[in-house]
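For reference, the structure is listed below as structure tokens.
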Amino acid sequence: MSDVVVIHTDGGCRPNPGPGGWGAVLRQRHHVREMCGGEPAQTSNNRMELTAPIMALEALTRPVSVHLYTDSTYVRNGITKWVLGWERNGWMTAAKQPVKNADLWRRLQSACARHEVEWFWVKGHSGVADNELADVLATRGLQEALAASVV
């Protein structure tokens, strides 16, 4: 796998829980793709933070090396530290409770399986250009979802 694809993602809700949006910026050499979407019904920040990398990875047309940046420690820690244990334990936490958002964790695992994904955490709202753009896209996704839901 060559030609690393760099992805920045973000997601959020207003209020949380409430309607939400997600955004992603994908870069490979000189190519840039911006993606966004949203959920006009009740969702959560964590579901939107998970949806963003899922949608970005699923949009890739062939297996590649990916550097994926998120400002969500929940997503980064979940996929790099916790998910294999949850899977081993039948999608139960150490406290024997069902894993929240297990449907999205499974989907993220599947999306990652096609690629070599290296995960990075970036501090949100700290001036990292593509993280800021992903935030703008997440807001756009929320706004578009809300606008579509009233028609």
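A Cβ is built for glycine as well, from the same backbone N, Cα and C atoms used for every other residue.
Remember, it's a predicted structure, so these values are computed and weren't measured experimentally.
Features of the protein shown, as given by Swiss-Prot:
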- 1-143: domain 'RNase H type-1' (DOMAIN)
- ASP10, GLU49, ASP71: Mg(2+) 1 binding site (BINDING)
- ASP10, ASP135: Mg(2+) 2 binding site (BINDING)
Legend entry - ASP10 (Mg(2+) 1 binding site): secondary structure state under DSSP, collapsed to three categories: strand
Inset, instruction - Within the domain 'RNase H type-1' (1-143) only, compute the mean pLDDT. - result: 96
Inset, instruction - Give the residue from the binding-site residues GLU49, ASP71, ASP135 that has the most other Cβ atoms within 10 Å of its Cβ, counting over every protein chain displayed. - result: GLU49
Inset, instruction - Report the DSSP secondary-structure composition of the domain 'RNase H type-1' (1-143) as helix, strand and coil residue counts. - result: 58 helix, 47 strand, 38 coil
Legend entry - Other same-chain residues whose Cβ falls within 8 Å of the Cβ centroid of ASP10, GLU49, ASP71, the recorded Mg(2+) 1 site, in sequence order: THR9, GLY11, GLY12, MET48, ALA52, THR70, SER72, VAL75, GLY124, ASN131, ALA134, ASP135, ALA138
